[in-house]
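Per TrEMBL, these features apply:
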COMPBIAS  1-12  compositional bias 'Basic residues'
REGION    1-71  region 'Disordered'
COMPBIAS  31-46  compositional bias 'Basic and acidic residues'
COMPBIAS  51-68  compositional bias 'Low complexity'
REGION    257-289  region 'Disordered'
COMPBIAS  273-287  compositional bias 'Low complexity'
COMPBIAS  451-466  compositional bias 'Basic and acidic residues'
REGION    451-484  region 'Disordered'
COMPBIAS  467-484  compositional bias 'Polar residues'
REGION    522-547  region 'Disordered'
Amino acid sequence: MLMPSQRRRPKRPLPETEAGPARGPGRPMKRASELKPSRKARTEHAKRLHSQMSGSMMTSSTSSAGAQPDAAQGRLSLSHLETLPVELIQHIFFLSFEVNMARASPQLARVLSKPSIYKALVLFAYFDEPADKIPVETHHFLPAEYRQISLDEKMRLQRAILGCKWFTLDLFKSCMPILSRLQMVEEWHWEHRSEALLDMSLEGHGLVAGPSQDPGEQAEFLQSVAALPSLDDQAGMERHFFATLEPAAVAASFSVVGSDPQHPNHQHPDAPVQSQTGQGSSSQVVGPIGARNTLPRIMRWTCSVDTHGRLHKTPEQGISILAARVFPDHILRGSPWTELKLELVQLLRQGMRFLARDHVLDISATALFEGMASAIRERNETALLVLLELHYATMRFDPSHDPDWFQGTTPPVPKGPDRYFVGPLAHPLPVELFHLAVKKHTGTHVHWHSGVEDRDRDHNHNHKSDVSSSHGHGAKESTSAATTTPARVLTLLLREGIDSIQSDDKILTRWAAHTLNLPVDSTQSFSSASSSSATAPAPAPASASQSSLSFERSLARWLLDFMSGTNTDVTHHLPPTEPLFVNGRLSSRLSDLGGEGSASSLTATLFPNTSFTEEIGYLTHGEDGEDVVRARDGEPCG
């Protein structure tokens, strides 16, 4: 079908009244060379300019030496520090102890990121140098050149390396045998000088091991290890200074509880023993240990001469091989608490326990309380127990800190009308911890008085998870008893912070009243009340549930009596100057009250006659309990 031809319709001219003024031609279009180049073209142009500038600088600087431009181009792009030899860069690093130096550039990171450098930093941070001129085996510090560093440098280095990603628990444990060797060499020279001053010979029968007034049943065993071995005898050094849990020379002779089959009455000083409650475990009697069963301390022998001219040597004082003086905030917070994280805290705690000098500590009370709150949310009794023991060891208000605050009595008593059932603490436990422990049963929302955040929200969103990933401590979460109840958590908190509870506390009063009104067949538990756990625990037997409920009722009744001031156990049997709890241990005046089933034995039934330290199973042989750690400025810690 043929279509008609299409023609452009002619444009009709507008009337002059509607056309308006005549318009001129518009702005001409730009040429292609005048357009703005693309981003890719601009980047390539900048690279060409940079290459030309580098080439001109290279030509002018290397023309006299006849160097090839292509070979020197890579070096000229580095800084003067990066072009130094590797040995010199490492030497500068060990002089500054600035861990951020490795983060300055990839070139410096390649030079400084080596296991030998990591181990050298750990040795510098946690080895306490001898006060006098005693030889040190400096080859352990290679590739670093050994030098003595100040206490402030040591604490700064500890804080720095504990925040590095390369610092792991396995690395820390692998350095403990070397740290133990360094400390044993120092003590060897100290003991050798003591014997030389006494001018006593170790040959023959001139050496007697044990206290001069009462050698005791361990004298025969101590006699076999009391003689000072040679420095080259590593096994003999470990036996002499009790540096390992099971020394190679006596491991086959001692059973699991540490007794000698040939001499049952002789016991190794570091042998596992059961606790007073009969629930001690042979695998947890000394806390965590390092590689090759290395203990966190060695024993110092004291030398004396009796009236018969015989040399007496006694292992009395423990010397730390981990001079831990810093607890960083991110480690104390947990969130979540894992077994590896908790083990690191315990190792640092044991290293602090046996400090021989400079009893100073850098620790934050706020971070410690946040870690306790995290442990309560996770129903982790072990983590809470460890942190409470650490709180008692670091937050006590000692008379040496402020003598004017104490009366001139023995023992010193705080001035004022306040009655301390635990003791004056520089940073007492916040009452919010008690509220957090019972809030799931009372339905109460707990707000921390920080003014910035609500601590009651899910702990998975409170803190960053970089601690577990950067330190290698997040592989396995720490397990806790599935039968954890608010009463069990409250029992731990009361043993350390009973002074924080006021008589008119509404939340604790509501919990106690709620617990007393529970039906007998109630099987509610703290573990089942939490909906944040990944897997629900198996239901407890009826007998266990009834026993738990009975314990909660007893604690609720005791707490109400204490808050109202009608607890006769405390008011009638405890002197005003004597604390109710010391390191979590109930006063001996109350632990022996009444017989089983009597009203006066309720306090002794609820609270164990063991300390936090004993429950954890820490190694305490050789501890000097008189020294109290303080902050760097001499004030209480926290």
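A Cβ is built for glycine as well, from the same backbone N, Cα and C atoms used for every other residue.
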- Going along the chain, which residues at least six beyond the ends of the compositional bias 'Basic residues' (1-12) come within the CB cut-off of under 8 Å? none
- Query: Using DSSP, how many residues in the compositional bias 'Basic residues' (1-12) fall into helix, strand and coil?
  - Reply: 0 helix, 0 strand, 12 coil
- Query: Per DSSP, how many helix, strand and coil residues does the compositional bias 'Basic and acidic residues' (31-46) have?
  - Reply: 11 helix, 0 strand, 5 coil
